[in-house]
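Peer 1: Checked Swiss-Prot, it gives:
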type	residues	note
ACT_SITE	GLU153	active site, proton donor
ACT_SITE	GLU259	active site, nucleophile
DOMAIN	41-338	domain 'GH10'
SIGNAL	1-19	signal peptide
Amino acid sequence: MKGLPALLLLLIGCVSSFGSQDVPLRVLAEKLNIHIGFAAGNNFWSLPDAEKYMEVAKREFNILTPGNQMKWDTIHPERNRYNFEPAEKHVEFALKNDMIVHGHTLVWHNQLPGWLTGQEWSKEELLNILEDHVKTVVSHFRGRVKIWDVVNEAVSDSGTYRESIWYRTIGPEYIEKALIWAKEADPDAILIYNDYNIEEINAKSNFVYNMIKNLREKGVPIDGIGFQMHIDYRGINYESFKKNLERFAELGLQIYITEMDRGFPLGGSVGYYLKKQAEVYRRIFEICLDNPAVRAIQFWGFTDKYSWVPGFFKGYGKALIFDENYNPKPCYFAIRELMEEKLKER
């Protein structure tokens, strides 16, 4: 693969420091007319190493997703009370540092407050609650949040609607209604559907494709598709991924890579896995940069120090592009090298 000799040299020391002569990813991304970003951790401004965290974030990225601060349990903790303060801090940091904000998420089956899940609702009651939530949150951030994950993970791995509180009580039309309400609250926002395990052509991505196709044929305002891309350490079928992006693009959708990471087993050869990780990230970026429908590529975090992977997948980790000490990893350099090559081709 093109670029691997340089990559192998980088692997000799496993990591390298970022030098003043090096071009940050966001600068290259802007020249390529794409956004590159990350999901910001909870209260990152209060971390013991907050200064370093923010220094790297604003240097490298031009799009930010609040990881948890816009989810129901945080932003709507009581039926008649909204708490915007945690999310506001993320938005303020992003806008101050010339990043756009990707809102996450308006409708999901997880991280719901007890007042919502602790009792039964009629269809009409739940529709009213959902409408109030979507319109209130989107209106609050109107003009400041450019992209919204309106509906998140509404489809099961088997390719059917997920049996969530929304689907059981309202039916599949909750997806359509949430999109319509979001567009009413901010006509200029980019509205997307976001999900995992849909990067390749499979039963789940087929269902999502047909669902979105039907929504667009009905005139429902859906602008894009979000591929989370929490990638298995063995990688993905690149040809299937490429064709999948192409068919969603043919629907007229903008494409967003929203939550990417790629961990690996911690008990094996670190050098080998770092090399494979760099190869996988480079190939994914190459496919994305070759598709003009892809508007942003975001990681679920950026430093291994605060990655979610070790806490959820025992024995796995090192999923992101900076190590625990904020040193750029081989995958960082592989991505940067590819972006530089793409610029030379233009």
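Here the Cβ of each residue, glycine as well, is placed from N, Cα and C on the backbone.
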Peer 1: When the number of other CB atoms within 10 A of each residue's CB is tallied over all shown chains, which of the active-site residues GLU153, GLU259 has the maximum?
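Peer 2: Checking each of GLU153, GLU259, the winner is GLU259.
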Peer 1: The domain 'GH10' (41-338): mean pLDDT?
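Peer 2: Averaged over the domain 'GH10' (41-338), the predicted model reaches a pLDDT of 98.
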Peer 1: In DSSP terms, helix, strand or coil for the residue listed as 'active site, nucleophile'?
Peer 2: strand
Peer 1: For GLU259 (active site, nucleophile) and GLU153 (active site, proton donor), determine the Cα separation and express it in whole Å.
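Peer 2: Their Cα atoms are separated by 13 Å.
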